[in-house]
Structures are given as structure tokens and as C-alpha cells.
Amino acid sequence: MEISTLAVYHCLAFVWYFFISYSVTNIRTEERPSEVFFYGGQWKYLTVLNLVLQAVFYGVSFLADVLRLIKKLRCAKCAVSSRDLLFSVLAFPVSTFVSISFWTLYSYNRELVYPKSLDGVIPLWLNHAMHTAILPFAVLEILALPHRYPAKKKGLILLGFVSFLYISWVLWIYSVTGEWVYPLFALFSPAGLAAFFAISLAIIISFYNFGEFLNRIIWGQSKFCFSLLSM
């Protein structure tokens with residue numbers, strides 16, 4: 001894509017995610033069903049955190065495009081590096097994990113992740129915006145332009161650290177309220193829950209590797225180097 005086209009796309013994607021994030025975080029608390037407790041607000045849900053992450057990513061991407069258009073190359077290189085790190089380590093694997101894990105569990109038993117009572121609070125289009133549209137957005141970003149992935153060890157350490165932070169947040173909420181963020185967790189023993197978290201981490205790491213694989217297959221090293229030289 002031309003830089004100007006990318007700038008328009010990233011701007012529209014940023015506006016979209018900002019709008020969705022705003023819509024979700026401003027759902028009136030008095031409308032929440034009994035299954036949803038107040039502590040932590042919307043910020044206890046990985047889905048909502050991912051929406052904010054995507055808004056930040058597309059905002060940084062739009063900034064990088066604008067800086068390249070106005071030939072601020074030194075600043076553009078910094079923005080591009082931040083964009084690529086955000087996408088490779090977080091934006092792609094987290095979006096893929098949220099979408100696939102949500103619909104897999106929803107198909108098995110929706111009450112484990114998204115109780116039916118939420119249908120009266122969150123409209124269908126917003127549910128799909130949060131859990132369905134995020135995946136094609138992530139794939140389209142890979143198709144639109146090449147991204148530089150960090151060294152494998154660095155990338156996995158960063159992804160593992162962020163995953164650890166979220167798991168710690170979930171456990172903290174349970175220690176304070178006695179309620180699990182997702183009803184699914186109540187089905188496990190402590191050992192079973194640890195195994196579930198470990199498997200989830202392995203899955204999200206596989207999505208990281210899959211994104212890196214797609215990026216390499218679609219663009220190749222030579223095209224990526226050319227994109228850097230043409231900034």
C-alpha cells in the first residue's frame with residue numbers, strides 16, 4: 001500500500017476502535033446483570049483491554065504514517081519501531097487469542113464466558129465488534145504492510161510478562177471479591193486452573209509464532225528491507 005493509503009486505513013481503524021472502546025466502557029453500570037460484579041469495572045476483561053490495545057496500536061500506526069508523509073524520518077523510525085513491536089508482541093496474538101478462544105468457549109457453553117443475560121445489555125453488533133471483527137483487522141494489518149518482529153527471545157519474554165500481569169490481575173480480583181472474572185475459572189481446582197493458564201499461554205505464544213510466520217511468508221526478508229529503505 002502507498003503511505004497515504006495506509007494513513008487513511010490506520011486513521012479509520014483507530015477511530016473505529018476508539019468508538020468501540022468508548023461504547024463498551026460507557027455501558028451504564030445499573031444495566032449490568034447480576035452475574036457481572038462491579039469491582040475492576042470493564043478493565044478486568046481481556047476483551048476490553050484488547051480494544052484499548054488496538055486503539056493505541058492503530059493510533060501509533062497512524063502517527064508513523066503521518067511522520068513518513070511529512071518526511072520526519074528520525075521520528076518516523078521511532079514510531080515504526082514502536083508500531084511493529086506493539087503489533088508483533090501484543091496486537092496480533094492477543095486479538096487472535098481473544099477471538100478464537102471466545103467463540104470456541106461460546107460455542108461449547110456461552111454461560112462460561114458470556115452469560116445470556118448480557119444480550120440485554122450489549123447489542124449483537126457490539127459483541128461482534130469486540131470478538132469477531134478484531135481477527136480480520138489483525139490479518140488485514142499483516143496483508144497491508146510488513147512488520148519487523150523482535151528477536152524471538154525478546155518477543156516471548158515481553159508477551160509472557162504481559163500475560164503474567166493479566167493473570168495476576170485476575171487472581172487479585174478473586175482474592176478481593178471471591179468472584180472470578182469469567183465463570184469458567186470456577187470449574188477448576190487450583191492445579192487445574194494453573195494448567196489452564198499454562199495452556200492458554202502456550203496457545204497465545206503459538207499465535208505469536210503464527211503471526212511471525214505469516215509476515216515472513218507474505219513479505220519475505222527482502223521486501224521488508226526495501227520497505228525500511230523507502231521510508
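Yeah, the Cβs are placed from backbone N, Cα and C, and that goes for glycine too.
Annotation source TrEMBL lists transmembrane segment at 7-25, 45-64, 85-105, 125-144, 156-174, 180-208.
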> Who are the chain neighbours of the transmembrane segment (7-25) in space, where the CB to CB distance is under 8 Å and they lie at least 6 residues beyond its ends?
Replying inline: 1, 41-42, 48, 51-52, 54-55, 58-59, 61-62, 65-66, 69, 122, 126, 129-130, 137, 144
> Taking contact to mean three or more C-beta pairs under 8 angstroms, with sequence separation of 6 or more, is the transmembrane segment (125-144) in contact with the transmembrane segment (180-208)?
Replying inline: no
>> So if I exclude everything within five residues of the ends of the transmembrane segment (180-208), which remaining residues of that chain have a CB under 8 angstroms from its CBs? That is, six or more out.
In response: 35, 40, 44-45, 88-89, 92-94, 96-97, 101, 105, 111-113, 115, 155-156, 159-160, 163, 167, 170, 173-174
> By a Cβ-Cβ criterion of under 8 Å, what residues six or more beyond either terminus of the transmembrane segment (156-174) are in contact with it?
Replying inline: 39-40, 44, 46, 49, 85, 89-90, 93, 150, 180-181, 185, 197, 200-201, 204-205, 208
